[in-house]
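According to TrEMBL, the protein carries these features:
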- A:7-29: transmembrane segment (TRANSMEM)
- A:41-58: transmembrane segment (TRANSMEM)
- A:78-99: transmembrane segment (TRANSMEM)
- A:105-127: transmembrane segment (TRANSMEM)
- A:134-158: transmembrane segment (TRANSMEM)
- A:178-204: transmembrane segment (TRANSMEM)
Amino acid sequence: MHIMEGYLPASHAIAWGAVSAPFVLYGAHRITKLVREKPEVKLLLGASGAFVFVLSALKIPSVTGSCSHPTGTGLSSVLFGPTVTAVLGTIVLLFQALLLAHGGITTLGANVFSMAIVGPFVAYFLYRSITKAGFGLSIAVFFAACLGDIATYVTTALQLSIAFPDPVGGVGGAAVKFLGIFAFTQIPLAISEGLLTVVVVNLLQKYSRKELSLLNILSPKAA
Amino acid sequence: MNKNVVMILAVVALAILPLVLHHGGDAEFSGADGQAEELITEIQPDYEPWFTAIWEPPSGEIESLLFALQAALGAGLVGFYFGRRSATPKNQEPDAHPLAAKHAQH
């Protein structure tokens, strides 16, 4: 889902940067507040950021015959909410842009929007609605992480089709083509991401109940 | 069998399955990002990237090194977290106890 350096017209690059910046700034504010109020969760916050680091480094083959990577943002979206995740995702995207020439500085705003904002918001919304509907934590986490991952890739495809409309089919025609590259490739990887996130949440339920109840993931009663 | 083990095996199977499906060498397994770049060039052949990466890994080897480093740093910290939490002495882990205490503080 990395839009490469220089591959968005300048006006688009600036617009996506302007859209993304408030989310990241608000997220940074949330992190400062969280660390002050619940210092016990600091290490878990670091580990959630680290989960994004691992998953987004794994380029996994897909059934379409190309490779892509999960995003890892579902875990921290469930634990800490989407704006905190926006900050964690931005850190990873910066690392990849500066050291790996993966993504870029000019395209950072657009990549942050897809991976660190849309994906996490979709994940958070699904997690909240599925648990509210009475389903278990594992089900909620699976769909949150899986569909948040897909949402990221759909967003990238749409961003590219707005920037590069098809000469014949327009934005819609380009969207079909870009979705063909990103969305189908992503389906098995999104399932993997959902499963891995559930594994981590299971381990947290076993070893980290205190943090989970501090973050209101487990009610003290259920814990 | 442990549920977590089953899920991890499913993830491994999902990663191996594409290699089996495309066993005849009919797939390059190139990156989706690169394919998107090709599609951009196809849609708008005259598009020139107006900015290039400040620094690029000098070779594929160095790039793999940095990707491995990224994964290792992440996995290291996740492992460290669970290592610490699971090493909590047993007497501090009885189910309701620490939570009940926490609750009482508020």
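Note: Cβ is positioned from N, Cα and C throughout, glycine not excepted.
Only pairs six or more apart in sequence are counted, and the transmembrane segment (A:7-29) with the transmembrane segment (A:134-158) gives fewer than three Cβ pairs under 8 Å, not enough to call it a contact. If you count C-beta pairs under 8 angstroms between the transmembrane segment (A:105-127) and each of A:41-58, A:134-158, A:178-204, the highest count goes to A:134-158.
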